Amino acid sequence: VDPKLGRMILKEWVAVESDSVQPVPHLRQELFRMMALAADKLRCLGASVDSVDTGFQQLPDGQTLPIPPIILAELGNDPKKPTVCFYGHLDVQPARQEDGWLTDPYTLTEVDGKLYGRGATDNKGPVLAWINAVSAFRALEEDLPVNIKFIIEGMEEAGSVALEELVRKEKDRFFSSVDYVVISDNLWINQGKPALTYGTRGNSYFRVEVKCRDQDFHSGTFGGILHEPMADLVALLGSLVDSSGHILIPGIYDQVAPLTEEERKMYKAIDLDLEEYRHSSHVKKFLFDTKEEILMHLWRYPSLSIHGIEGAFDEPGAKTVIPGRVIGKFSIRLVPHMNTSVVEKQVKQHLEHIFSKRNSSNQMTVSMTLGLQPWMANIKDNQYLAAKRAIKTVFGTEPDMTRDGSTIPIARIFQDIIQKSVMMLPLGAVDDGEHSQNEKINRWNYIEGSKLFAAFFLEMAKLHL
């Protein structure tokens, strides 16, 4: 892998402001330019490339914007070789230098071996690392040990608009020959030790609305004679979780998979300095004191977070207002074997019970606005074994076997629709700051990550014999 060339292409890709979050026509043009650059790069490798038109996105304000094409590409179709499909995305979160970036977010800048730029780690760097690995075999005029397919999108940060529909449509065509799916869109759990990820939590997002009337009230004129919506809502939100993080909704833990001894050992083996983790998080104290408890409550137990209140007075100053209608927002991170529809029912029943006890004359409505199931892989699958061996070859160590506390819907989509083994193979370090100011990928992670993917191809081929 030529590090200089790899850095040049990453610089060129980071320079494209491929922001999918802000629905602005000129940013959509940048997204289309980004997808075209990637398609050209894949064609130069000798891949057959199909840029699939996915139509238009209808926005809440009535405007429509074109959705960037999804790239389907393939290299090799030897029936004797395994076929590995790589998923990546080339869109990014918004970034402006005035928001606290030390450098221009769209100019890849190297400082002390760190490559700073929006998309460097999420996800342009890992996509290019996979391409670099393929390029290395091409440059050496060596046969690729595996057949390779790519599915690359430009709308991941905006909810992967149109992706699931395309995967369903291509299930018996593009994906019919795929044996394994690899995603590299998360991070290691520390700065220097590689990881392999085999699970993510799901997410059920709720809004609870309490309404007396559409207009607000004056607290001098109405204070003391109303059931105030804000008081009702605060009581409802306060009934969801206790001060130790335990969720108070009856039955919510009933479906959580029991902890096995084998699983407990996996947490023990993970390399995590709790004091360093706490310090780098700028947190005085966590809810739990041991590494194992912290990891289990991040990965294998559900959590409930309260996010905010719409309609409340939140400006500076003192305004004596009684909001007439308020909406509380909270979400529950789900774990195996929890089910979104069961959780929705439990949440509604609990809030209705709490509200009925208040004898309020206000109206309360609860709705689940997002329901994403958790994802788990089988770590005994061939590709996990191949990835472990490749990590040992390149980094000289066993990987941390991790789960991710957040939700990455694409893993579950692939697993459910094409029903093939899905693996998450991260390249970035824990401090890469994806979505944040000063996002970066370490030069070492980028170069060694490219080598890791190449070693993974070789190990997959050996296991397939």
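The backbone N, Cα and C atoms fix where each Cβ goes, glycine too.
These features come from TrEMBL:
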type     : residues               : note
ACT_SITE : Asp91                  : active site
ACT_SITE : Glu156                 : active site, proton acceptor
BINDING  : His89, Asp122, Asp185  : Mn(2+) 2 binding site
BINDING  : Asp122, Glu157, His435 : Mn(2+) 1 binding site
DOMAIN   : 198-356                : domain 'Peptidase M20 dimerisation'
SITE     : His218                 : site 'Important for catalytic activity'
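In this structure the C-alpha atoms belonging to His435 (Mn(2+) 1 binding site) and Asp91 (active site) are separated by 11 Å. All protein chains shown were included, and the count of other CB atoms within 10 Å of the CB of Asp122 (Mn(2+) 2 binding site) stands at 25.
In sequence order, Gly88, Asn123, Pro126, Glu156, Glu157, Glu434 are the residues of the same chain, not among His89, Asp122, Asp185, whose CB sits within 8 A of the CB centroid for the Mn(2+) 2 site. Rounded to the nearest whole angstrom, the C-alpha distance between Asp185 (Mn(2+) 2 binding site) and Glu157 (Mn(2+) 1 binding site) is 11.
The average pLDDT the prediction assigns to the domain 'Peptidase M20 dimerisation' (198-356) is 96. Straight-line distance linking the Cα atoms of Glu157 (Mn(2+) 1 binding site) and His218 (site 'Important for catalytic activity'), rounded to a whole number, equals 41 Å. Cβ neighbour counts within 10 Å, taken over all protein chains shown, single out His89 as the most crowded of the binding-site residues His89, His435. Within 8 Å of the centroid defined by the CB atoms of Asp122, Glu157, His435, the record's Mn(2+) 1 site, lie the Cβ atoms of Val92, Gln93, Gly119, Asn123, Glu156, Glu434, excluding the listed residues themselves. Straight-line distance linking the Cα atoms of the residue listed as 'active site' and Glu156 (active site, proton acceptor), rounded to a whole number, equals 7 Å.
Long-range Cβ proximity for Glu156 (active site, proton acceptor), meaning a same-chain Cβ under 8 A and a gap of 6 or more residues, is found for Ser20, His89, Asp91, Asn123, Leu163, Asp185, Ile410.
Of all the recorded positions listed here (Asp91, Glu157, Asp185), the one with the fewest other CB atoms within 10 A of its own CB is Glu157. His218 (site 'Important for catalytic activity') has a Cβ environment of 10 other Cβ atoms inside 10 Å.
With respect to their backbone Cα atoms, His218 (site 'Important for catalytic activity') and Asp122 (Mn(2+) 2 binding site) stand 48 Å from each other.
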